[in-house]
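Notes for the one structure printed next.
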Amino acid sequence: MGKFVVLDHPLIQHKLTIIRRKDTGSNEFRRIVGEIGGLMTYEITRDLPLKDVEIETPMGKTVQKEIAGKKLTIVPILRAGIGMLNGVLDMVPSAKIAVIGMYRDEKTLKPHEYFFKAPKDIAERDCLVVDPMLATGGSANDAIAALKKRGVKEINLAVLVAAPEGIKAVQEANPDVDIYAAAEDEKLMDNGYIFPGLGDAGDRLFGTK
């Protein structure tokens, strides 16, 4: 079973409180979602493997450390996942980007994929799927399935808030995927929103509510 980890760093929790407030405007919401994405990436990548490399500083040659292993691809789920993207890229600017477009049927709450674009060598990369909300788990599971269909072996999921129902759905469908969240929220409401949640993260990010 993949692990579920709440990243309870004080800065993450403080910023999460700001974006939970209903009177936080789109500009501030957008900025802080990106900041949380960056802070989460710092924690998620804590155990990346390192290797020794010889470099030359202005003072002479020395052996130092750099990240080893497969290259990283960030996979935002459209549209709300875009809000976390720049913050993640601030931490790993060399990462490539794969984009998955999903929309949720307002009646059935089921996700539908309408777009997929990824680096040609996606099967050789580790992927970090990012989306602010893990509600039913449908979009996350479909995104993970789309990556696995294209040969990706190592996938992690980063979300801001997660409902217990979504956590369970992802763990049951994808027991090899680790989930990282800024918070595990109380429940999934009948309308498909997370409580206490963030509201509609996409609308709040793009000012379309």
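Cβ atoms here come from the backbone N, Cα and C positions, even for glycine.
Annotation comment: Swiss-Prot describes ARG79, ARG104, ASP131, PRO132, MET133, LEU134, ALA135, THR136, GLY137, GLY138, SER139, ASP200 as 5-phospho-alpha-D-ribose 1-diphosphate binding site. Summarising the annotation, Swiss-Prot assigns uracil binding site to ILE194, GLY199, ASP200, ALA201.
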For the uracil site (ILE194, GLY199, ASP200, ALA201), what does the 8 A shell look like? I mean other same-chain residues with CB within 8 A of the CB centroid.
PRO132, MET133, TYR193, GLY197, LEU198, GLY202, ASP203, ARG204
Check ALA201 (uracil binding site) against DSSP and tell me helix, strand or coil, would you?
helix
Highest Cβ count within 10 Å among the binding-site residues GLY137, GLY199: which residue is it?
GLY137
Quick one: Cα separation, ARG79 (5-phospho-alpha-D-ribose 1-diphosphate binding site) versus ALA201 (uracil binding site), in Å?
9
For the binding-site residues ASP131, ASP200, work out the Cβ neighbour count at 10 Å and name the residue with the minimum.
ASP200
Is any of the binding-site residues MET133, ALA135, SER139 within 10 Å of ASP200 (uracil binding site) (Cα-Cα), and if so, which, in sequence order?
MET133
Over all pairs in ARG79, ARG104, ASP131, PRO132, MET133, LEU134, ALA135, THR136, GLY137, GLY138, SER139, ASP200, the listed 5-phospho-alpha-D-ribose 1-diphosphate binding residues, work out the largest Cα-Cα distance in Å.
17
Quick one: of the binding-site residues ILE194, GLY199, ALA201, which has its CA closest to the CA of GLY137 (5-phospho-alpha-D-ribose 1-diphosphate binding site)?
ILE194
Cα-proximity to ALA135 (5-phospho-alpha-D-ribose 1-diphosphate binding site), 10 Å cut-off, over binding-site residues ILE194, GLY199, ALA201:
ILE194
If you compare CA-to-CA distances from ILE194 (uracil binding site) to each of the binding-site residues ASP131, MET133, SER139, which comes out shortest?
MET133
According to DSSP, collapsed to three classes, what secondary structure does SER139 (5-phospho-alpha-D-ribose 1-diphosphate binding site) have?
helix
